[in-house]
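Structure first, then comments.
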Amino acid sequence: WVEMATLDPWGCTWVLPALLSPPDAEKTPGYWNKGARRRLELALALQPAAQRAKNIILFMGDGMGLSTMSAARIYKGQLVGGSGEESVLAMETFPHMALAKTYTIDRQVPDSAGTGTAYLCGVKANAKTLGVSGAAIYGKCRSTFGNEVDSVLHRARLAGKSVGIVTTTRVQHASPGAAYAHSASRGWYADANMPREALRDGCKDIAFQLVHNTDINVILGGGRMYMTPTRTPDPEYPEDPDQNGTRKDGRDLIAEWLSAKKVVCVGEEGMCLQAQGVCHRHWLCSRWQGARYVWDKKGLDAVEDDSVSHLMG
């Protein structure tokens with residue numbers, strides 16, 4: 001049998017009936033015809049969203065194309081004793097779905113840099129290039145200049161929105177990097193990873209661009225070693241030299257980021273009193289903002305939402 005599906009109270013996903021059916025139900029035409037009819041009825045009854053979204057969160061599974069989703073769907077179904085194909089992933093219950101091609105223009109099989117540029121900047125590019133158009137050539141620093149393209153994150157920030165990046169990989173990786181960096185090579189994580197010619201021609205590494213290109217409110221992920229001078233011990237793994245800083249220019253980008261985010265006291269009548277970077281609890285002050293850097297859960301838990309405008313960790 002096929003039961004009627006309904007929208008959840010928030011109108012975000014379909015609440016689908018159980019996938020289990022009586023023995024041999026799939027062998028009858030009525031099973032499929034009734035299911036098709038109900039799905040068509042749901043599609044016809046769907047109303048366009050009447051409210052404007054307040055926030056947008058883009059979840060991206062690196063390399064998660066249609067074949068990967070199919071494998072996940074089958075595996076999910078098999079875990080509960082089915083053949084697998086009849087299963088449904090949570091994302092497949094959304095009332096609105098779409099497909100996008102995120103290929104690169106010079107290779108059959110793309111990489112995270114070219115695809116990241118495609119879905120974040122809306123422009124197809126060459127493989128291994130980041131935040132630049134197809135006119136930029138991989139590994140050629142000078143081809144970057146004049147061929148930069150802006151991401152949706154950068155445009156949102158220019159429009160006055162708060163923006164952030166949260167990733168399970170390094171924040172300088174190609175996938176999140178396309179949100180803020182313009183680089184002829186996805187591998188130029190720090191200046192130590194760049195050829196002398198690129199440094200001489202004026203190109204900046206991706207970690208440098210993370211701090212200086214776009215005013216990002218939230219930056220959470222890995223990649224601390226690319227932010228600090230060479231041989232700087234990692235706070236979490238101080239005994240492991242492989243985790244030490246790698247920058248040859250001697251710059252501490254974390255410190256630069258913190259110093260650039262001045263403490264601003266915001267109140268009903270504008271700026272409030274502040275001394276030594278700390279806002280006085282004046283009656284006019286409705287909130288006080290500042291930047292915080294954390295590297296462990298304890299530090300993250302200590303962050304108060306109403307006191308921090310920028311967070312890196």
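Placed from the backbone N, Cα and C atoms, the Cβ positions cover glycine too.
Those TrEMBL annotations? Automatic predictions, nothing curated.
Quick caveat, the model's predicted, so the values are computed rather than measured.
Going by TrEMBL, these are the annotated features:
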ACT_SITE  S112  active site, phosphoserine intermediate
BINDING   D62  Zn(2+) binding site
BINDING   D62, H173, S175  Mg(2+) binding site
REGION    230-249  region 'Disordered'
**OP:** Give the sequence-ordered set of same-chain residues, not counting D62, H173, S175, with Cβ within 8 Å of the centre of the Cβ atoms defining the Mg(2+) site.
**Re:** M60, S112, G116, T167, T169, A174, P176, G177
**OP:** Starting from the Cβ of H173 (Mg(2+) binding site), draw a 10 Å sphere and report how many other Cβ atoms land inside it.
**Re:** 22
Subject >> Composition by DSSP (helix, strand, coil) of residues within the region 'Disordered' (230-249) >> reply: 3 helix, 1 strand, 16 coil
**OP:** Would you count the other C-beta atoms found within 10 angstroms of the C-beta of the residue listed as 'Zn(2+) binding site' for me?
**Re:** 14
**OP:** Please report the number of other Cβ atoms within 10 Å of the Cβ of the residue listed as 'active site, phosphoserine intermediate'.
**Re:** 22
**OP:** Express the distance between the Cα positions of S175 (Mg(2+) binding site) and S112 (active site, phosphoserine intermediate) as a whole number of Å.
**Re:** 5
Original post:
Taking just the CA atoms, what is the gap between S112 (active site, phosphoserine intermediate) and the residue listed as 'Zn(2+) binding site' in Å?
Top reply: 7
Subject >> Neighbour count (Cβ, 10 Å) for S175 (Mg(2+) binding site) >> reply: 24
**OP:** Do me a favour and check the Cα-Cα span between D62 (Zn(2+) binding site) and H173 (Mg(2+) binding site); whole Å is fine.
**Re:** 11
